[in-house]
């Protein structure tokens, strides 16, 4: 074995981090970055700069390089691809040895892959498009505490999508009035009601008062309907200690499910709360507040499919995924891609849906996809077709905005859902025949008829900012 010697100075990154003949190992963590280099910086130079800075490189040679095996620990840029329709940027594929990352810590993965490298001067913009987590790493993560089947068993609800409602106005209600709004929606036919992500413990409604009034409403609705009900009690808090205090109280008063903002609250807090839920038999509903800051710019940030994978590893039984048809951003093909990444046990590479790598989840359970944001009864046929059964449809204004009140709005949504599920099961093309299906159901439901009349002109037709960059969509 040759003796390694130290030579001070600066070595070009490409001498160590560009390896186009590298065949990624099954145990490698693979990343796809979209890189927009600075003028005058060629593609290879930009790619290897990202590979070095996100693994074990630094700007100059250091003598401590001799104390380790950099050839093993380094990230390797192994392939570059054009971005269809955009010659200002390119895709760089980088392989990282699994030993660079702490087992079961998505926090540590993000510290390296979306850390200082995103401020690197060699690149004008940088976006993490996708990650392939090797099964050896997946098995070190906790994942969803319950999973889809366990949640259905807890709720005794099968064969259809679940229905929910975010209570509005999202800020300003007293705890007692808030509980009343929950009760009306639950007795009308919803499975869940939900705290808005903005609701924590403000002066107009402290968290303990809200929890107590809401659980009184849940239990009363259960007694009247004979169905299992729930409310997503938001335990997101200023500190982890306060978060666990709120979670413990939710458990004490019989709540089956709690809620956490996993990006605003932090990945470390989310993983800890998921472990607590696993140990205490609770369901964690996860909201994605803050995601658009990270994922909406098509050239810089983190794609939501990556945030979806991170959540599944970190732990959550529900995740908001967008609606395609509602008021929030979301391309249909991309949305279907990250919904599969959330729910399926194996998802193959599929560039038509923006999936750059095969992803094997092993035995890790999946989670419910949650559609929320500007949806109403007219969207029901499309939502059932797009999302499938293992989903939760959250109608906020589409429930509480009904002219006859919350219970009528909930009833209208339940009738519309059951009509669409029945039509689908009969083999009908529910997206094409949606108007006919809903109109027929409304003949027996005045609540649905009024809802259809109220929102018949409401559409959210805006161009998607983050479009799939594929050659043949």
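Cβ atoms are placed via backbone N, Cα and C, with glycine included.
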Of 79, 206, 288, 296, which one shares the substrate site with 116, 166, 170, 320, 372 in Swiss-Prot?
288
Across all protein chains in the structure, which of the binding-site residues 194, 288 has the highest Cβ count within 10 Å?
194
Can you figure out which of 194, 196, 197, 287 (the recorded positions) comes closest in space to residue 170 (substrate binding site), comparing Cα atoms?
196
So if I measure Cβ to Cβ from residue 116 (substrate binding site) and keep only same-chain residues at least 6 apart in sequence, which ones fall under 8 Å?
53
Helix, strand or coil at residue 288 (substrate binding site), per DSSP?
coil
If you count, for each of the recorded positions 168, 170, 287, 320, the other Cβ atoms lying within 10 Å of its Cβ, which residue has the minimum?
170
